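> Structure incoming, see below.
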Ligand SMILES: Nc1ncnc2c1ncn2[C@@H]1O[C@H](COP(=O)(O)OP(=O)(O)OP(=O)(O)O)[C@@H](O)[C@H]1O
Ligand SMILES: [Mg+2]
């Protein structure tokens, strides 16, 4: 069983279900990538795993423990970090204050973690006193990821961390994400750039209309002719 | 010398009163903007909250005076202020408990909150009148009246025109400065203050970060009630306490908050002074100033007043409309209304 697993999740925002027995998960130190067309329910699945969505059926487990009924805040305490797809920084607050807010629930001194985040994203150290809303898209994503790292999570969930950034910045971000995974943190991320993401993924999930279409290793999905034709542009 | 006389005249009748009035508006607008930033609705009851706070201060002042306690050269109201603040905080938190918390749990639309605040406004206004009555009350009747008088200034400067600085005006500006510095220190330097800014900036992300919304709301009400009491007391000290005046103040206060950018504390302070200076420059009669700086017969006959003082509220209204049309987020980019 995976370290973090959302299993057979069914639910939605109102009366209609968006997710239909959808399953996603990730192992310690590995990268799992969720891909699929717009509106497939990728973000919804992430929210479900993080407890921001009421599930009609299915469970979420972490390290073998059932956490289905926990609030998002309680999941943060348990070691989950989440970077939402949109509005993922405090725009009016400085980079440093964003990181401080990431560590809000910590009772110990977070300055060591902040130094680690600055090592990982040196540009943030340079811009530590600038409001996050004034940064470029790529830098803002770094703030968002950095903020989530401030609780020293065991698993980091990223919803389209490279949305709207240039290809160079995307490669750079992927390198950082690999680095984070190497440090032992499980990474579950949604990506629009399916090819590049599956390239660095240990495991891949292809979702369509709220259900799992294909699930395999990243490499196998990249080589699957059906997946290539339908989702990777040939 | 003529120019200096003109400047002294302008300072005495325009700059000093506008600084005092601007401070009062800034304090009021800070309360409105804090509630808007955290609870996300325009609190129409804020003016009456100021009236209630001022009333509490007056009652405490009477009590202190009856005990023979005074504050030397300063008005006794300043001694009574902490008790007034306490009473107002209790009222604001009680209201939140009875009215707004219910709507928060139901996730009501901002417009529902706004209508509820109208009801609260009528309740507060009745409560204040019920307790202290509808008559005018003089405030600041003990302590020194002036920091320096016009005559003292004339003797000191040798000018024909004097500048007077009333104690209440000086107190208003100093107290505002202290409140604003303390508030900004709190918001920018403390953990609780940062969590409030975070919650105001991005509610969902703040919740994910573990910020407790009820705690943030609690602090917001405490600050709003304290600011309302101080603002109302400063206004009452500067003029007199009339229960109905605080309803009229609501327009310039909201104009200040919106001009500065709703939700932005810096904006509220800037907006307060923009509104105060606009109101007073537009309704000021420039005749006497012109007699100093224009040669002989060129001085116009009338008062040279753009707008009669009865229309001063129209100034806030016009500024408000223009800002909403041209730049709805205000000078400092608050939330759009
Ligand atoms: N807050 C919401 N309330 C109601 N319906 C929603 C909400 N968010 C998303 N939906 C609907 O749920 C479905 C799945 O949306 P979701 O955001 O999960 O897709 P996605 O795969 O993340 O798409 P994208 O690639 O555009 O980010 C869509 O039909 C969408 O309209
Ligand atoms: Mg999405």
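Using the three backbone atoms N, Cα and C, a Cβ is placed for every residue, glycine included.
Note that this is a predicted model, so its numbers are computed, not measured.
According to TrEMBL, the record shows the following:
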TRANSMEM  B:20-39  transmembrane segment
TRANSMEM  B:51-73  transmembrane segment
TRANSMEM  B:79-99  transmembrane segment
TRANSMEM  B:111-132  transmembrane segment
TRANSMEM  B:163-187  transmembrane segment
TRANSMEM  B:216-237  transmembrane segment
TRANSMEM  B:306-326  transmembrane segment
> Report the listed stretch (B:79-99, B:163-187, B:216-237, B:306-326) having the maximum count of Cβ pairs within less than 8 Å of the transmembrane segment (B:111-132).
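Against the transmembrane segment (B:111-132), the leading stretch is B:79-99.
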> Establish whether the number of Cβ pairs under 8 Å between the transmembrane segment (B:51-73) and the transmembrane segment (B:306-326) reaches at least three, counting only pairs separated by 6 or more residues.
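No, these stretches are not in contact.
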> Of the stretches B:20-39, B:79-99, B:216-237, B:306-326, which racks up the most C-beta pairs under 8 Å with the transmembrane segment (B:163-187)?
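It is B:20-39, which has the most Cβ pairs under 8 Å.
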> Residues of the same chain, at least six outside the transmembrane segment (B:20-39), with any C-beta under 8 angstroms of its C-beta?
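Sequence-remote neighbours of the transmembrane segment (B:20-39) are 46-47, 49-50, 100, 104, 113, 168-169, 172-173, 175-176, 179-180, 183, 196, 199-200, 216-217, 220-221, 223-225, 227-228, 230-232, 234-235, 238, 249, 252-254, 256-257, 260, 262-265, 267-269, 271-273, 275-277, 279-280, 334-335.
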